[in-house]
Each structure stands twice: as C-alpha cells, then as structure tokens.
C-alpha cells in the first residue's frame with residue numbers, strides 16, 4: 001500500500017483485535033502492507049522515504065446468533081497517529097455500517113448491534129479510514145476489510161425428499177440395496193463438526209440396516225417373504241456433530257414394500273371334485289368352473305388349466321379365464337344319459353411364468369380329479385340329420401313326394417313324434433308334410449324360373465310332451481324341365497348398307513333361354529323351311545349360340561324399299577327341344593366406305609339431288625291438290641248416277657259400291673238376294689229392287705222346290721250370258737254372286753238371306769218344333785222376341 005504525507009509522519013498502525021468468547025483469547029493475524037512514497041498534502045513538495053509498514057490488518061470475526069443484552073464486540077481500529085488526544089477520527093463505511101456495525105470514532109472500537117445468521121449472509125465488506133478531526137483530512141487512504149460471521153451449530157439435518165416410498169423384491173439376498181437417503185445441514189461444513197452428519201436406523205430392525213456415512217439402506221435378513229409380510233416402515237435418523245452428544249438430528253420415514261416373485265406354486269383346495277351336468281346341455285356351453293389358488297400376485301399367479309387324463313377327455317374341454325384365473329369347463333360333444341351316466345377327468349393347473357431362481361421350490365403345478373355326473377332330462381325329438389336337401393322337378397303334379405324327414409325320441413320312453421312345417425302368416429304354402437310319417441309333398445305347381453330354391457323349417461314334437469320341440473332346416477331345390485322356348489337376347493336394330501355385297505355379315509344375334517343350362521344352350525338358328533327362300537338375306541348358325549345375318553344380293557336402295565323383314569327360327573338343346581320364331585327388322589341405310597352409317601332417312605336422297613326444303617314443300621302441296629281433285633271428280637260422278645232398277649227378267653243381284661256400310665246379313669232393306677242363294681227361287685220370284693216385297697214365311701209348311709232336274713252349272717252359264725248381253729247394266733264392272741246351299745234338308749234353311757222381311761216381321765216360334773238340335777237356337781230367338789215385345 002502506498003501512503004503519502006506532507007511531513008515526516010510515522011506510518012499508521014492499525015491493530016485489529018478480535019476477542020472470541022469461546023476461547024477467551026485474541027487472535028492476531030497481520031497483513032504487511034508497505035508504501036514507497038507519500039504525497040505532500042496541500043501542494044507541498046514530494047519527499048521520498050524508505051518504505052515502512054502502514055496498515056496492519058487482522059481479519060474480524062463475529063459469532064452468529066448473539067443473544068446478549070449488549071452489542072457484541074467485534075474489534076478495534078487504531079492508528080499510530082492517534083496520540084490519545086482525540087484528534088484522530090475513525091470512519092466506517094460499507095455493508096451494514098451504521099446499522100449492523102457501529103464504530104467509536106474516537107477509540108476505533110467496532111460493535112455488532114444485531115444478531116447475525118451465517119446461513120443468510122456469511123460475511124460483510126466494509127471500508128475504514130482515519131482522518132484529522134480538525135481538518136477532516138485523511139491521515140491514510142481508505143482501506144477495505146471483511147467481517148466474517150462465524151458459524152455455530154444452530155441447524156439440524158433435514159431430509160428434503162422424505163418421506164420415501166420404495167420397493168424391493170421379496171426373497172432378495174441379505175445386503176440388497178434398497179435406497180440411499182441424504183440429509184442436508186445448513187451449517188458451515190468447513191468449520192467444526194456442525195455440518196458433519198451420520199445416519200442411524202431408529203425403526204425397521206432387524207429387517208433393514210443403514211450405512212452411517214452414506215445413508216444407503218439395505219436388507220438385513222435372508223429370504224424376506226412377501227406372503228408373510230408385505231409392507232415395512234423404516235425410520236432413519238441423521239445427526240450432526242458427527243453423532244456426538246449435543247448434536248442436532250432430523251429423521252425421515254421410508255415405506256418399503258416387498259414386490260412379488262413367483263415363489264409359490266398353484267394349489268387346488270381339494271383333490272377330488274364332483275360336478276352335475278344335465279344331458280340337455282348345449283355343445284359349446286360352459287358347464288362348470290374350477291380354480292387353483294396361488295399365493296403370488298400379478299403375472300406370477302397366471303396359470304393354465306388342462307385335462308391330462310380321463311374317459312371324458314374327448315367330451316369336455318377346459319379353458320382359462322385370465323381375469324378370474326378360473327378353469328372354465330365346456331361341453332365338446334352332446335351328452336346322452338341313456339348311453340353314459342358319468343365321466344372322470346384329471347385336471348392340472350400350472351403357472352405360465354416361471355422364475356428359475358426358485359425352481360427348487362417347485363414343481364409349479366398341481367392336479368385334481370373331477371367326476372362329472374350326467375343328469376337325465378326329457379329331451380326333444382332328435383332328427384336323423386342336422387339338415388336336409390331335397391330335389392323336385394318343376395311342373396310336377398300337386399301331391400308329388402319331395403322327400404321324408406325322420407326324428408326319434410332319444411329318451412328311453414321312445415314316444416311317438418309328430419311333424420309340421422313352420423309357415424309365416426304371409427307365406428304361400430307350397431309344401432305340406434304328413435304329420436305321422438314326415439313325408440313332404442307339393443301343394444302347388446312349382447316354376448323353377450320363378451323360384452329355384454325353397455327353404456322350409458320342419459318341427460318335430462313328442463306326442464306325450466308337445467312342448468319339447470326340435471327344428472331342422474330343409475332346402476328344396478327345384479329341378480329344371482325344358483318348358484321355355486329360346487328367344488332373342490334383345491331387340492336388335494339391324495342395318496344393311498346400300499353398297500353391301502353378297503355374303504356380307506351385317507349383324508350377329510344371340511339367344512337366351514329362361515331354362516337351366518342343360519335345357520338351354522346349345523341354340524340352333526335356322527330359317528323356316530315352310531317359307532319360300534328369302535332372296536335378300538340369309539342366316540348362318542355360328543355354332544356358338546350366335547348367328548350371323550348375311551346378304552344374298554348386291555346393293556340395296558332406300559327409294560325402292562327401306563325396310564326388310566327376315567323371319568327366323570331358334571331351337572334350344574333341351575329334351576325335347578323347343579323352338580320359337582322371331583322376325584328381324586332390317587333397315588336400309590346410306591353408309592360411308594368404311595361401313596359407318598351416314599343416314600337411314602329417305603329425305604336424304606332428295607337433299608342429295610339438290611332440292612331445297614321449299615321445293616319439297618311445293619311438290620307435296622301439288623300432290624295433295626291433285627289427290628283432292630281426283631276425289632272431287634269421283635264424288636261428282638257418283639252423285640249423277642240414276643237409281644239402278646233391275647228388270648223383271650233380270651234375276652241378278654248387282655253389287656254396287658256406294659262407300660257406305662250395310663247392315664250385314666240382317667240388312668234386307670237394300671237388296672233382295674234370295675234369288676242369288678236359291679236358283680229355283682230366282683225363277684219363281686222376281687222383285688224390283690226399289691220395291692219391298694211382301695213375303696209370308698212359315699217354315700213348318702213351306703217346302704223347297706225339287707232341284708234335282710236343274711243343272712247349277714247350266715244355270716250359272718245362262719245368267720252369265722244374260723249379264724253380258726243386257727244393255728241396261730252399268731258400264732263398269734259389277735260383282736254378281738251365285739250360291740247354292742244344297743238340298744235334302746228337312747228343316748230347310750235358317751239363314752236370314754232367304755227372308756225378305758225384317759226381324760220385327762218374323763215369327764221364330766217354329767224353331768221349337770224342329771227338334772232338340774235346334775233347342776238352343778229357339779231359346780235365343782225366343783229371348784229376342786221377348787225383348788222386342790217388352
């Protein structure tokens with residue numbers, strides 16, 4: 001340290017005195033600080049001196065937790081310049097100066113006014129200076145010193161992480177580490193033994209021990225068994241002052257749980273069990289449970305059950321419930337009390353997770369014997385088969401036998417069984433069953449194409465106990481017969497191009513058949529042999545259930561004919577074979593060179609000729625006008641004709657068209673054609689056509705003239721000659737009808753053509769006298785007469 005002075009001043013000596021209560025002596029520790037020069041104060045000239053000692057420091061100490069009534073003495077500052085006359089003033093600054101630490105500015109004594117805690121602050125940094133009281137000028141530069149708070153044992157050790165919860169496997173070796181605990185002491189570890197901690201066990205012996213230095217807890221016994229005791233509470237103490245008397249201590253609790261290992265084999269509580277199972281138990285159902293006890297827990301107690309021996313090994317099976325660790329006994333096959341009344345099973349339970357460290361404690365399995373008693377119950381009828389499949393041909397007559405089902409009473413009583421079919425309310429009853437024999441018959445005619453398969457349920461019940469029912473499924477397959485002819489697969493739109501060549505395939509057709517494959521394909525296509533050969537098209541059977549349409553000639557014209565029809569025949573491959581006829585419609589169309597259809601409409605020709613739409617309309621109007629003129633001309637010409645009257649000598653009847661409909665055979669008002677039906681009558685009666693004749697008819701007394709002498713051929717020739725030479729007939733053709741009804745009829749003719757009267761003038765009562773052959777006719781005309789009268 002460099003100290004300067006304006007005059008020859010002796011170096012200031014500061015004595016640091018520390019009084020320690022506990023030892024009663026002062027420790028003096030000095031630090032030599034030298035100076036090589038001083039400064040003149042107030043601008044005086046500088047004088048160089050030999051370096052001498054200036055401040056001599058002792059480190060100050062103050063005890064923490066001072067509880068006395070007076071301030072605690074810390075130390076003393078003193079300068080050699082101080083002559084004891086009070087001219088030197090001591091000043092203290094820094095941490096706690098004036099509040100915690102105070103100084104007597106005359107004597108330099110430093111005191112602590114408050115109780116200090118080293119754990120809160122370990123030391124304080126302060127600054128000291130000696131000045132002239134009169135001039136307030138420093139006698140020495142300001143220097144820094146430290147006051148350390150000296151520790152006392154005022155903090156007990158603490159376990160910051162306690163209480164502890166820890167596990168250790170059971171059956172562990174002695175000395176197995178369980179946990180290391182650590183206690184902390186807030187006191188100064190560098191001073192004394194205040195922070196030196198040792199560990200000890202207060203509770204938990206003789207099962208566990210603790211290392212006094214490290215705090216490691218270890219097992220103290222061999223083979224600690226979880227099944228004997230699972231939980232332990234261990235209390236650990238930590239004491240400072242190296243465990244000496246007067247040291248402070250703290251404790252914590254360590255909860256230790258022994259975890260399970262597989263050191264216990266399973267055990268059945270009994271060596272023999274008995275189980276009752278009724279013979280009506282369903283296959284696959286659980287019929288009983290069995291359990292072996294295992295003192296272990298978790299996966300160490302898992303086990304599987306198995307049947308190792310016994311006469312029921314093929315009848316029963318056993319499985320393991322993983323949640324309850326029980327063995328579930330199930331039925332594999334049906335029981336029958338009448339055949340076997342009891343079974344014996346040897347059942348074994350074994351652990352699934354083995355720990356080979358404890359294999360010497362095994363074997364880890366156990367066995368027991370189970371006797372099963374089969375109980376007798378009244379069972380429902382038993383069908384001979386679990387399900388039935390039967391066949392029947394379609395179109396079979398009602399009452400055709402389809403098949404028979406059979407059920408028997410499995411009990412020793414062997415009661416009679418009755419059968420019936422379960423029908424839904426809305427279901428058609430297609431089949432019925434004989435209640436006594438189980439024979440199934442048809443009750444309707446079947447159609448395979450409508451329903452190819454039927455599923456019915458047959459129920460059987462005992463006569464003695466109708467509540468016991470058994471059901472069986474019966475599938476009935478309807479077999480096909482060839483009852484549907486083949487037909488075209490679809491409607492074909494066939495087009496032939498105008499530029500087609502002979503033998504060109506224009507279309508391929510296919511057929512379909514509702515019958516089964518055996519009665520359908522193979523199809524045969526051919527043309528009807530009874531029709532003349534088609535000059536335009538032909539049919540070629542491709543022998544693959546298709547046929548090709550081929551042209552017979554070259555070129556077609558839409559202007560000549562735009563549609564052709566080709567009748568074809570198709571037969572199937574059934575026995576006997578069925579065939580059908582169809583007609584193909586072939587349209588003539590204009591095509592491109594590559595065969596693509598351009599158009600199939602006739603107006604395309606007119607357009608190709610260069611006619612516009614207006615020209616086409618004009619042509620159509622001209623045609624309509626011409627047709628109207630022709631119709632008008634014909635109408636006017638017919639209106640000018642005179643009534644046609646046949647001369648008395650002309651017995652012909654001319655058929656003249658007036659474009660109006662007549663009344664048929666019953667219309668006798670227009671013409672009298674009796675003469676045309678009977679040659680003899682024509683000679684005998686000649687009437688005018690415009691005058692209605694009066695003829696009285698009485699079929700009972702009227703007789704026909706004998707015509708044996710008349711040659712009908714000569715008569716017709718005669719009438720033909722008369723017609724050719726008659727100048728009064730119209731100039732156009734007329735139709736004249738001559739007919740001869742024959743002779744030797746006792747009843748005579750009943751045709752209305754022989755009558756010149758209307759229905760209202762005729763009496764039909766005579767029909768009743770003609771015999772039983774005309775009874776129905778008499779009744780019909782009698783009803784008509786009654787209606788007219790009414």
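Here the Cβ of each residue, glycine as well, is placed from N, Cα and C on the backbone.
Just so you know, TrEMBL annotations are computer predictions that nobody has curated.
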Quick check on the annotations: TrEMBL lists transmembrane segment for one of 615-636, 637-658, 659-680. Which range is it?
615-636
DSSP-wise, what's the residue breakdown of the domain 'Cadherin' (79-159) into helix, strand and coil?
0 helix, 35 strand, 46 coil
Tally the residues of the domain 'Cadherin' (488-605) by DSSP class, grouping H, G and I as helix, E and B as strand, and everything else as coil.
6 helix, 52 strand, 60 coil
